[in-house]
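Now, the feature entries from Swiss-Prot:
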ACT_SITE  20  active site, proton donor
BINDING   28, 106, 128, 129, 130  substrate binding site
């Protein structure tokens, strides 16, 4: 059995397959996901697993260069945004590099999410609880 944080075989494989600048979307239960896009659907029921708990585990195994958020999270879900930014700042310290943070309107976020290598769907049911993590390199 694996000793690292990600036990889900499909999610572990997706993370391992990411190359430099590849995108990985972690999203709430409502974000549209194209049928042809690779999706790791972790959603069990409303709120399980949560967006933040899923993000926390993924960040233990992924070197992140930049992230993308929907601008609307600032007004519609400031608590999630604040906790997410705290996690990203902590990760930047651990990685020894700044992580670029970009905001776009939600319609553009959805278009960019469609270009991500994969999407991880959570059971989160709060507005705009979505992020695209762009893979970096640790060297």
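Glycine too: its Cβ is placed from the backbone N, Cα and C atoms.
Keep in mind the model is a prediction, meaning the values are calculated, not measured.
Known features from Swiss-Prot, placed on the structure.
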residue	record	Cβ contacts under 8 Å, 6 or more apart
20	active site, proton donor	65, 135, 136, 137
28	substrate binding site	51, 122, 124, 125, 126, 127, 128, 129, 130
106	substrate binding site	70, 71, 72, 128
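Other than the site residues 28, 106, 128, 129, 130, same-chain residues with C-beta atoms no more than 8 angstroms from the centre of those residues' C-beta atoms, the substrate site, are 27, 30, 31, 70, 72, 73, 77, 109, 126, 127. Binding residues for substrate (28, 106, 128, 129, 130) extend across at most 13 Å, taking the greatest CA-CA distance. If you draw a 10 Å sphere around the CB of residue 130 (substrate binding site), it holds 27 other CB atoms from the protein chains shown. The sparsest Cβ neighbourhood within 10 Å, among the listed binding-site residues (128, 129), is found at 128. Annotation note: residue 106 (substrate binding site) sits in a helical segment as assigned by DSSP.
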